Each structure stands twice: as C-alpha cells, then as structure tokens.
Amino acid sequence: MILLVDAGNTNIVLGVHNGERYIASWRISSEGNKTSDEYGIQVMQLFNLSDIDPKNITGVIVSSVVPNIMHSLENMLRKCFCHEPIIVGPGVKTGINIKYDNPREVGADRIVNAVAAYEIYKRPVIIIDFGTATTFCAVRANGDYLGGCICPGIRISADALFERAAKLPRVELEVPKNMICKNTVSSMQSGIIFGYIGQVEYIVKKMKQEMKNSKYKEEPFVLATGGLANLIAKETDVIDKVDSDLTLEGLKILYEKNKEIEISQR
C-alpha cells in the first residue's frame, strides 16, 4: 500500500493505492505556516476516518510546487509512516526526455502529469492542468517533453478582479446562461468563464499548430486535469478527455520506477 502526496499552492491531495485501486483520497489546505505535528494530526485523522492502518503503508512519494511547506511535510511523513519519502525532482527516474532549456525549472506537477500521460495514453498529448496556475504541456508520443505555457488560474483571475476593482464583488465560479448578462455578478462570471474558455481554445490551437508544423508532425490528444477541468471541458470541444486522477496516477508510476531509492534509504 503506497501513499501518494501532491502538494499544490492551494491544496495538498493525498491518495492511498493498495496495488489494485485507490482505496482513499483526501484534500487538505497547504497553508505555509503549519507544523509537522499539525499536518500529522490532520492526516492521521483522515486515515482513522477511512479505517486505514498507517502501518500498512509501505512507501511514500511526494510531488510539491510549494518549497516552504516541504520541511514540515517531509518530517510529518517520516514520523507518521516510518518511511523516507521519495521527492519528485532531480535524480528521480521519469522515463521521459525533458526538452526544456533548463530541465530543473520544470515544476514537479508538470513532470508527474507528463509521465502519466506518456505511460497511460502512449500518444502525443497536450495536458492542461487547471490548478492555482493553469499549465499547458506538450508531450510527444516518444516521451519527449517539449514544454508549454503557464497562465494565471481561473480563481486567481476572479480574485484579482475582486481585489483590484473596488465596486466588484467576489463571485462563485459558475457558467452563466448567457454571454450578454444583465447584472454585475453574471456579467463577471461571463467575462471570467467565457474569457478563460477563449484563452484555452486559442492556446490549444496554437500548440497544435506548432506540434503539427514541426518536424514531428503530430496530432495531439488534449487531456485536462485539475479541480476546474470539468467546468471548462463542458463548455468547449477542444478538450478530448478529463482525467481527474492524472497526477496521482503519475505519482504511482514514478513510485514504481524509483522505489529502490526509498528501499536504499531505510
């Protein structure tokens, strides 16, 4: 039984896989001022509520884009599970070829998603991860990670509008019935959601053109993941599939490729 941990800027997602299926997954806040004990209390309560014995965990892997929580998070995992966690980063075997100018700049979340897409789908793919930031990544059928782009996430865009425009309220991220709206809240939702859909469609169009017109001439499959993927996917035809478990699947694959690291550290 392995514990998979994906630490993002807003939430930490934890999943437990028993070798055949996920038996539990949870989401907790990734507030930067928590101690290892505070994280431990939260995580142990979740294990208890799901009737899972922490002693049955045989390995742990972590992907993080939040450096300031890693000290507390790693200490908690060592204390609670008595395993040295594998940290996704330099030195970890991925099975993909990162074509970035500086491969160390690529976020762990993007690497994990790329590994999952390559291993599961075995075809050229554009991965859109709707998180705190929205990332677009291009991966060839042979596992070459070509790069991509990074945009402010939908919630960041909505929060910026609320924070910088004095008379505009904070709004729920819901799709309005019409593009032309007759009240402030719906008008903001229209601009935020439909504007974001337009951004996604244009970026996907340009990325497809570059992948098709390059020497590779590949037609990519468009895969979406992240908390708001379903919201956007329902409103556009450029997304071929939503895979909500893509990041956890990538972590599971990376654990299998690197579990000898954890064994050697015992």
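Any Cβ shown, glycine's included, is placed from N, Cα and C.
These numbers come from a predicted model, not from an experiment.
Record note: Swiss-Prot gives Asp6, Ala7, Gly8, Asn9, Thr10, Asn11, Ile12, Val13 as ATP-binding, and the candidate from Thr132, Thr134, Thr135 in that site is Thr132.
Around Gly8 (ATP binding site), taking its Cβ as the centre, 22 other Cβ atoms fall within 10 Å, counting all chains. A separation of roughly 22 Å, to the nearest angstrom, links the Cα atoms of Tyr100 (substrate binding site) and Gly8 (ATP binding site). Between the CA atoms of Ile12 (ATP binding site) and Asp129 (K(+) binding site) there is a gap of 15 Å. Across the structure, Asp6 (ATP binding site) and Thr184 (substrate binding site) place their CA atoms 36 angstrom apart. Note: the Cα of Arg110 (substrate binding site) and the Cα of Thr10 (ATP binding site) are spaced 16 Å from each other.
Cβ-based neighbour count (10 Å, all protein chains) for Arg110 (substrate binding site) stands at 26.
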